[in-house]
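Below: the structure, in structure tokens.
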Amino acid sequence: MDNGPWYSKQEGSPLKLSRNASITSPRRMDNSELKLVREYNSQVSIPEHQILSFDHLLDEINFGKFQYWIYGIMALMSISEGAQITIFTLMVPILKNEWHISDSLNSLQASFVFVGYLVGSMLSGQLADRVGRKKPFLISSFFTCLLSLGTIACQEIYSLLIVRALLGILVGLFAPCGVTMISEITPGHLRGRYMGLITLTFAIGQLFGLLVAEFTLISLDEGNWRLLTFWCCLPGFLAWFISLFRLRESPRFALLSGQKNLAYNIIEEMIQSNKSSIQFNDEMKIKLSNWTHAMNRIAKNQKNASITSLFENNRFFLTILIWFNWFILSFVYYGIVLLLPDILSHIEQTQTGRDKIIQLVVSCISDILGAVAAAFFIELKGFGRKNSLIIFFTIQALTALMGFYDIEHRFIYWATASKFFLSMTFIFSFQYTAEVYPTKIRTTGIGMANGIGRLGGVIMPWICMYMNSKQLRSPFVLFSVLSVITSFSNCFLPFETLGKELE
């Protein structure tokens with residue numbers, strides 16, 4: 001079998017893309033490409049040089065203006081989501097004083113958010129893997145922004161509980177769509193690094209929420225939370241407005257769902273926007289169509305957009321490990337985020353409310369730095385996705401343990417370090433999950449993993465707030481134990497996805 005490139009090859013000449021473009025150093029097929037082609041060729045006889053993979057075409061188009069617009073949209077929505085998390089955590093002590101809410105109702109409020117997220121994530125996969133990525137994102141992001149403003153009108157806890165649950169559903173809808181979209185339009189050699197950087201915008205959103213809180217709140221347990229909510233909704237509305245004009249359907253999804261003309265138009269727009277020298281001619285379209293038939297033929301036994309398909313074709317053990325990883329990650333990360341304002345309000349009594357908000361700002365900056373560090377490690381051989389999960393979960397476990405045993409004065413440093421490493425593991429988990437499932441069930445895979453993770457957020461408040469009421473900072477011992485167990489379980493992930501082509 002010829003181990004040559006996807007594009008047609010002429011004897012003694014460079015590999016030809018078209019009359020006006022060529023590759024002088026062609027990329028050879030990796031193991032995943034060879035496996036797919038061999039599997040398809042065993043069923044239908046099509047020469048390898050007559051197949052053009054979408055990932056290879058995307059590599060040649062490269063990263064440019066087309067992707068910048070979509071990344072900008074997703075970044076703004078992620079900033080809005082991060083700001084909403086800040087609002088939620090800051091409102092816990094404020095509403096406890098303003099509305100005289102018990103700890104059990106505060107726990108119920110947190111649980112409602114994550115239950116909603118689970119439901120939304122499950123629906124997201126079903127919708128996006130059937131009708132596409134664009135429409136579910138547009139609709140859910142708009143109503144997310146609208147409902148976020150609706151929290152301002154709430155006058156008591158029960159109406160707020162309902163609004164929070166609905167918000168959770170809507171965020172659960174658009175977040176997996178966004179992750180899937182950018183994973184499918186990013187060239188393979190940049191996917192890990194660029195998707196890692198987009199994830200840091202969630203931390204930027206938390207920081208944005210805290211900076212707004214500096215001007216709208218008097219302290220961690222007093223202030224104008226309605227004005228805070230209003231300002232934090234603006235990035236989401238801006239993202240939705242831009243998406244009306246600049247967001248496009250995923251061309252990979254359009255190809256594999258039979259919408260070839262739509263896919264070809266988007267690809268031509270990508271080439272034009274990125275000022276690529278490639279001429280997307282009829283010959284290339286035929287080869288890309290052959291690749292589409294190959295992928296669909298191989299996936300013909302998969303249930304499209306079905307949760308059960310996540311467990312088919314030897315994926316049962318893989319999916320269980322991914323779900324467990326997401327469950328613990330959400331439990332620990334959101335546990336720290338939820339408890340941090342409350343713990344800070346009980347220690348360092350000599351500090352002012354502004355000093356404590358500054359400490360929260362520093363902890364958010366650590367998330368941003370963690371995302372930048374993850375973007376570096378994720379593409380390094382020896383680290384990648386799987387090994388990075390193992391290494392940094394272990395380090396995070398040590399920092400969480402020190403957050404309990406060290407003196408109170410240094411607690412904020414250890415909590416900040418824990419968030420730093422957790423922000424890294426979030427990126428590794430997103431990246432691994434986005435790459436390990438095929439296109440037809442990718443959003444279902446991401447959505448379900450994200451949703452199962454939010455189950456950790458559902459039970460987290462009841463366990464962590466109870467433990468914290470019995471002994472301050474005691475949940476950090478639990479965080480450490482769970483992180484060690486998760487690090488060990490990640491050793492059994494069946495393979496690394498660094499350098500792997502999307503299926």
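Glycine is treated like the rest: Cβ placed from N, Cα and C.
Curation plays no part in TrEMBL annotations; they are all automatic predictions.
In the predicted structure, the domain 'Major facilitator superfamily (MFS) profile' (70-498) carries a mean pLDDT of 86. Sequence annotations record features per position, and here TrEMBL assigns domain 'Major facilitator superfamily (MFS) profile' to 70-498.
Per TrEMBL, the feature transmembrane segment maps to 68-95 (among others).
Sequence annotations record features per position, and here TrEMBL assigns transmembrane segment to 107-125 (among others).
The transmembrane segment annotation in TrEMBL covers 137-158 (among others).
For 164-182 (among others), the entry in TrEMBL reads transmembrane segment.
Per TrEMBL, transmembrane segment is recorded for 194-213 (among others). Cβ atoms under 8 Å from those of the transmembrane segment (194-213) belong to residues 63, 71, 74-76, 78-87, 90, 179, 182-183, 186, 223, 228, 231-232, 235, 337, 357, 360-361, 364-365, 367-368, 370-372, 374-375, 378, 423, 426-427, 430-431, 434 of the same chain, restricted to positions at least 6 beyond its ends.
Non-local neighbours of the transmembrane segment (225-245) in the same chain are 69, 72-77, 79-81, 83-84, 86-87, 90-91, 94-95, 137-138, 141-142, 144-145, 148-149, 151-152, 205, 208-209, 212-213, 216-217; each lies 6+ residues outside the stretch with a CB under 8 Å from one of its CB atoms. Residues or ranges marked as transmembrane segment by TrEMBL: 225-245 (among others).
Sequence-distant contacts of the transmembrane segment (316-337) (same chain, six or more residues past either end, CB-CB distance under 8 Å): 85, 89, 110, 114, 206, 310, 389, 396, 400, 415, 418-419, 422-423, 425-426, 429, 432-433, 436, 445, 448-450, 452-457, 459-460, 464, 475, 479, 482-483, 485-486, 489-490, 492-494. Taken from TrEMBL, the feature transmembrane segment covers 316-337 (among others).
Below 8 angstroms of C-beta separation, residues 86, 192-194, 196-197, 199-200, 202-204, 206-207, 210-211, 213-214, 217, 220, 340-341, 344, 383, 388, 412, 415-417, 419-424, 427-428 of the same chain, each at least six residues beyond the ends of the transmembrane segment (357-377), sit close to that stretch. Feature annotation from TrEMBL assigns transmembrane segment to 357-377 (among others).
Sequence annotations record features per position, and here TrEMBL assigns transmembrane segment to 389-405 (among others).
The feature transmembrane segment is assigned by TrEMBL to 411-430 (among others).
Non-local neighbours of the transmembrane segment (451-469) in the same chain are 103, 106-108, 110-111, 113-115, 117-122, 168, 172, 323, 326-332, 334-335, 338-339, 342-343, 475, 478; each lies 6+ residues outside the stretch with a CB under 8 Å from one of its CB atoms. The transmembrane segment annotation in TrEMBL covers 451-469 (among others).
The annotation transmembrane segment is assigned in TrEMBL to 475-495 (among others).
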Interface check, the transmembrane segment (68-95) with the transmembrane segment (137-158), three or more C-beta pairs under 8 A:
yes
Ranking 107-125, 164-182, 411-430, 475-495 by the number of C-beta pairs under 8 Å to the transmembrane segment (389-405), which range is first?
475-495
